[in-house]
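Asks: TrEMBL lists 18-40, 60-78, 84-103, 115-134, 154-175, 196-223, 235-253, 265-287, 293-315 with the feature transmembrane segment.
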Amino acid sequence: MRALLAETVPSENDDVNLWWFGAIVYVIGSIFINLGSNLIRYSHERIKHFDVPPPIYKRYWWIFGFAIFGLGNVFNFVGFMFAAQSLLVALGSIQFVSNLIFARLVNKEPITTKAFVATTVIIIGNIIIVSTGNKTSDTYDLSQLLELFLRPAFLGYLITLIVCVIALQSTYWVFLYRYIPKTEVPNPLVLKFMPIAYAAVSAMVGTCSVTIGKALSGILLQALEPNTPGELRTVWPYMLLALFVGITAFWLYRMNTALRKYDAMFIIPVLQALWLLFAVLNGGIFYQEFADLSLLYNFLFGSGIVILLFGVSIFSPRVPDKETETDILVVSDHSTNADYSDEEK
């Protein structure tokens, strides 16, 4: 943690403190995202048993859910202009409350005691994170962003993240193509590992879009000021935008596939919790949002993350029979976005 507290890069607007406005906007966006996720799941369930699934442009619930999901992300993008990334994504814990409601009302999923307890634990963890997190609202220009990227602390974190992604995804593929098809009764721990690994890789990569999105929102906010350089006239913001779109597309594809593979009451909270965890770490390390925290607050912040992960561990997916699990996993991992409606018969 000491490395994170060194090499402080000054921001452009340390005196601006509208974190509360960013927090309100972000919370609204988070609720929209969760509602959209459940509507997408509802669309998948509606056509699962159709002999001839309707084309995507006639799946109105899917279109509506995706529109709500997209609107929520727009709200989140605006929120990043006014508050720290680690604080805002932690405030996304409101999704765990809304998920209990939406999963029940939209998808008719039962609210089990385990789900209620796990959600409560996750919320407690996030309350600690929000209470002890950074509440500044800094933005950075391109030269400062490059300086932040080249810091040893972030480069070390990035390399660690890449290694974890490769290890988890490789293990997932080994189980998917070699172990499960050749095993009559797969180990239940393997079947539980599969969705968690899938969600973890999705979140590790997908949350990079949050960090890039905050950078873009800061560049846009500075461009609105009359006395700032015209950085929007250079190629770099548009390269960041292309990277942002690519990573977001990856996250949406993985999220859509995960919603089709697994129970909404399990996979949505897991996706959200891992998303929150890595988005907090990304923002805290890249934007140095841990730098202003005392040793006590860093400890409490870390404790909140541990409590959050404990809440996630309470969730347990339903373990299907071997034939069903193998078919779902193999078909889904060979699919593309265009194949969704054909598979869901």
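Residue 1 is the first one shown; counting continues down the chain.
Each residue, glycine too, has its Cβ placed from N, Cα and C.
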Asks: Please report, as numbers and ranges, the same-chain residues at least 6 past the borders of the transmembrane segment (235-253) whose CB is under 8 Å from any CB of it.
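Replies: Counting only partners 6 or more residues beyond its ends, the transmembrane segment (235-253) has Cβ contacts under 8 Å with 73, 142, 202, 205-206, 208-209, 212-213, 215-216, 219, 337.
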Asks: How about the transmembrane segment (60-78) and the transmembrane segment (154-175): at least 3 CB pairs under 8 Å, pairs 6 or more apart in sequence, or not?
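Replies: Touching, no - the transmembrane segment (60-78) and the transmembrane segment (154-175) miss the threshold of 3 or more Cβ pairs under 8 Å.
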Asks: Take the transmembrane segment (84-103) and find every residue of the same chain, 6 or more past its ends, with a Cβ under 8 Å from one of its Cβ atoms.
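Replies: Distant Cβ neighbours of the transmembrane segment (84-103) are 19, 22-23, 26-27, 30-31, 33-35, 38, 76, 109, 111, 115-116, 119, 122-123, 125-127, 129-130, 133-138, 210-211, 214, 264-265, 268-269, 272-273, 275-276, 279-280, 282-284, 287, 289-290, 304.
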Asks: If you count Cβ pairs under 8 Å, which stretch among 18-40, 154-175, 265-287, 293-315 touches the transmembrane segment (115-134) the most?
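Replies: It is 293-315, which has the most Cβ pairs under 8 Å.
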Asks: For the transmembrane segment (154-175), which partner among 18-40, 265-287, 293-315 gives the most CB pairs under 8 Å?
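Replies: The listed stretch sharing the most Cβ pairs with the transmembrane segment (154-175) is 265-287.
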Asks: Same chain only, please: residues at least 6 beyond the ends of the transmembrane segment (293-315) with a C-beta under 8 Å from a C-beta of the stretch. Say none if there are none.
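Replies: Same-chain contacts beyond the flanks: 1, 90, 114-115, 117-129, 131-134, 266, 269-270, 273-274, 276-277, 280.
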